[in-house]
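See structure below.
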Amino acid sequence: MDYKAAGLYTLDEALETVGFGKFQGFVLGYAGLGWFAEAMEIMILSFIGQAVKSEWQLSSGQESLLSTIVFAGMLLGANTWGLLSDNYGRRKGFLTISMVTFGAGLLSTFSPNYLTLVVLRGLVGFGLGGSSVFLSWFLEFIPASNRGMWMVVFSTFWTFGSIFEATLAWIVMPRLNWRWVLAFSAVPSFALLILYGVAPESPRYLCMKGNTSDALRILEKIASVNQTKLPPGVLVSGRSNDKDEESAPSENAAPLLPSLSKSTTQSKSGFSSFFMLFSSKLIRTTLLLWVLFFGDSFSYYGIILLTSKLSSGQSTCFPFLQSNINPQDDGLYLNAFITSMAAILVDRVGRKQSMAIMFGLAFIFLTPLLIQQPAVLTTCLLFGARMNAMGTFTVASIYSPELYPTSVRTTGAGVASAIGRIGGMVCPLVAVGLVNECHQTAAVALFLVAIVVSIVCIQLFPYDTKGRELSDT
């Protein structure tokens, strides 16, 4: 059907016409604040763990549990918040996420004992599992032509949150105590609640639900703030697409996935959005994403583990390799370089090839470590491998919500993120023993295998999302 001749236009055509302007800048800031808050809450225990351990006379295992419980909560939250926002709206999703994260984070400040702190930090982790909701919400406001670049920019909020938390701890800990650090770290989540009233619902989500009148009002607001105009005609909820997925035409024209049947979409509610991930059209994408996120997190945290062993000065296996590496010190420069590289690649060569290139480079950097290398060379190789593994994760986080239709976007991206968390949790259990027992070759070989499997999965994805319109149903 010729929409233009019929006086109709789609949401994607409207977003391309109004462009990226001040309105999307606000959406970027609000969604980015969600990631900023998550980075702060995750990093916090790196700085207060020792103080809590000393005050309550905790064992090393009890101190570690404070971090583990956060990741366990995130694992559960990543599945829960995606279901909520796909069924009841993005705004309800991040409102509830912010309430849980702020409430549990602030109450952590007043924890009378260790058990209470563990429970509350677990609830904080549960709230932090909703990062995919913020990412998907922002994604749905961006024109397809430069979506990749802006999603990479969005990912930098995590870096700034981590740096801000380190600065906050450096200033507050010597002057006050760990409780004040917890209190200040809850402020960004409180800011999300304060600004919630002016955060709009995703027009793409509204169109998917058939509520085009409310979607049009938001689009008109975007056009007004950006000082542009909507296309002439009437907004329609989306294109019909009867073509098979594998024969989708040019990347600038075809939606990412063919429409699911109308009856299936209308009957979807509750947990059925989770089971939709295993439908015939989505199961391949779902399983490949799971392996990719697991492999990336496993290899990335493995590289961090190797780096930490060198920086700790406690290596009895290779004392001549001990150096002054500090995994925290290079964070700003590392992430700035990754952001620049990913922004250059993602909208030029596409998501798939960007991930394949960076993971391939990580493989190249790691391979020489199968045998012992001089300290300076080892430092450079680990830095390069870590940088590229992180870059791959950044692009994968952009790619995953683009692959799913609006009806299951946050569920699919959230579950994939949860699988990545499992990879990060499993890595220390598997790799710490190898590293501590001086089996460096076996540990590196294990990380290389994870990278190779991930690269194979990247090549098996049916299509790239570069320049493609998002699918709504």
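Glycine is no exception: its Cβ is also placed from the backbone N, Cα and C atoms.
Feature annotations, reproduced from TrEMBL:
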TRANSMEM  27-52  transmembrane segment
DOMAIN    27-466  domain 'Major facilitator superfamily (MFS) profile'
TRANSMEM  64-84  transmembrane segment
TRANSMEM  93-112  transmembrane segment
TRANSMEM  118-139  transmembrane segment
TRANSMEM  151-172  transmembrane segment
TRANSMEM  178-199  transmembrane segment
REGION    233-261  region 'Disordered'
TRANSMEM  287-311  transmembrane segment
TRANSMEM  356-375  transmembrane segment
TRANSMEM  412-435  transmembrane segment
TRANSMEM  441-461  transmembrane segment
- prompt: So which residues does the transmembrane segment (64-84) touch in its own chain, when a touch means Cβ under 8 Å and the partner is 6 or more beyond its ends?
  reply: 41-42, 45, 49, 52, 92-93, 96-97, 117-118, 121-133, 270-271, 273-274, 410-415, 417-418, 421-422, 424-425
- line: For the transmembrane segment (356-375), the candidate among 118-139, 151-172, 178-199, 412-435, 441-461 having the most Cβ pairs under 8 Å is 441-461
Message: Out of 93-112, 118-139, 178-199, 287-311, 412-435, what stretch is closest in contact terms to the transmembrane segment (441-461), meaning most Cβ pairs under 8 angstroms?
response: 287-311
Query: What residues in the same chain, six or more past the boundaries of the transmembrane segment (27-52), come closer than 8 Å to it by Cβ-Cβ distance?
result: 58, 63, 66-67, 70, 94, 97-98, 101, 105, 114, 117, 121, 124, 128, 130-131, 133-135, 137-138, 141, 150, 153-162, 164-166, 168-169, 173, 177-178, 181-182, 185-186, 188-189, 191-192, 195, 199-200, 328
- prompt: Cβ under 8 Å to the transmembrane segment (412-435), counting only same-chain residues 6 or more beyond its ends: which ones?
  reply: 68, 71-72, 74-75, 78-79, 81-83, 129-133, 135-136, 274, 277, 282, 285-286, 289-290, 292-298, 300-302, 305-306, 309, 393, 397, 400-401, 403-404, 442-443, 446-447
Statement: Restricted to the domain 'Major facilitator superfamily (MFS) profile' (27-466), the mean pLDDT of the model is 79
